[in-house]
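> Here's a structure for you.
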Amino acid sequence: MISAIEPKNLLRPHSQPVVTTSTLQPDDECNIELRIEDTTVDKYPAKQHARRVAAEIHRDRGLVYLMGQKSTLYEDSDQERTFRQRRYFFYMSGVDEPDCDLTYDINADKLTLYVPDFDLKRTIWMGPTLGREEALQRFDIDEVKYQSSLDEDVKQWAQNQGRGSTLYLLHESQKPAEKVPNVFIDSKTLKQAMDTSRAIKDEHEIGLIRRANEVSAAAHIDVLRGIRKMSNERDIEASFLNTSVSLGAHKQAYHIIAASGSNAATLHYSKNNEPLKGRQFVCLDAGAEWNCYASDVTRTFPMTSQWPSAEAKHIYKLVEHMQESCMVRVKEGVRYLDLHILAHRSLIRGFLTLGIFKGGTLEEIQNSGASNLFFPHGLGHHIGLEVHDVSPESIMAQDNGDYSDNVLISPNNLSPCTTSSPTLKSGMVVTIEPGIYFSQIALDNAKPEQVKYVDLELVKTYMPVGGVRIEDDILVTKTGYENLTTAPKGDGMLEIIRQGDGSCNI
């Protein structure tokens, strides 16, 4: 039985649809209800974020200067590029509009947004740009001014502060258009401060990630309900996009991966154009975006409500076990790297049972790196404003900041060098996404010390499985975790396929 989390006190954009999914009983259909609520919403906490960043800068004076994304045209074209706001700018503004900039005066605790000056021609063609009164009403900003005053305002700030004042930039290339005299340009401190701040999500951010996951769950369910009448990978992509957009999520957090059969062994497969006939599994890695916040959800499923082969079922159940054994250990203070190692050890045990690995102990096979042939990526990553979100250091890093596949699963190297590897903290949102892939290219290029433990003849019977990945978005708490992803998996997933409409085209 599957139940989706009912939205509770979510922070919703004004007049956006609310996604609800009903609890599934054995003979029920999965019903998606679309409800529009027109309510006053808490503003995105830009000022709170600015203060957090300032605290990480560890200075009581200075001016943070952030540039938003500009409107640009495609090369040799009069068509505008699809707009995507700079995520660092959004974090301190909440503004998803083009051609804006902002400053934050640390000493005065003043956040100022600069919006485009009025342009009659653009307004006639494209509609009005963000205005001062609208911006003050919508965003958590102290003052809104026009772009034409930005350079002069920065110069005036520098003059008032006196010689030696600091202007904090993300990048050297984002300096003000006009030179600002008598200021020190610091393009190193701000990024580290913002990365540290962004790694821990507040309640508003968690609400947005939760909402993105609710939309994604609805889209994944619609794919499951319709998969029996789909004939091509593009049908899966189209279904996911259709549901997402209809529920108010006009953007995807990343390019949809709808990989069937052996295509699923390509981690970031993107063509999505091959027929489904004769394929055992589809690996659908797809997540909607909500108000610039990402979801990242992967489900692997057959084209019918039955496991297509004993091998397919064995691998799915093994990946399911890998994920569950890692998730139950998530809480503040746990080293994520240890969870990754646990996933590899679970894979090795499973492969020894199935006979895919042979001729060695668990430790010998782990030390050889043989499991990397079938699980070549990390267990997961931060998620937030980016699908692979920022942090002061990678959760997969060792104490020297390095990440190496060969070193990663070798206890001889791990034991002495990872005592200070980063630990999970309450408020982080990370993915748990183990996978098993049968890639002929990986096997053909394997090192002798790896492949000697692999029964290559037996592996041939598993090649049609392609790849299996299961991925959820996990909120770390002080005592455990909350799974923000409500898309069904396992037996519940098969039940939805069984109840789905349409006859099987496979």
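For all residues, glycine too, the Cβ spot is worked out from N, Cα and C.
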> With E433, E471 listed by Swiss-Prot as Mn(2+) 1-binding, which of these, D222, D235, D296, is given for the same site?
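Only hit among D222, D235, D296 in Swiss-Prot's Mn(2+) 1 site, alongside E433, E471: D296.
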> In whole Å, note down how far the CA of E433 (Mn(2+) 1 binding site) lies from the CA of D285 (Mn(2+) 2 binding site).
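Between the alpha carbons of D285 (Mn(2+) 2 binding site) and E433 (Mn(2+) 1 binding site) there are 10 Å.
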> For E433 (Mn(2+) 1 binding site), just count the other CB atoms lying within 10 A of its CB, please.
25
> Taking 8 Å from the centroid of the Cβ atoms of D296, E433, E471 as the cut-off, which other residues in that chain fall inside it around the Mn(2+) 1 site?
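Once D296, E433, E471 are set aside, the remaining close residues are D285, G287, V297, T298, G380, T431, I432, R469, I470, D472, D473.
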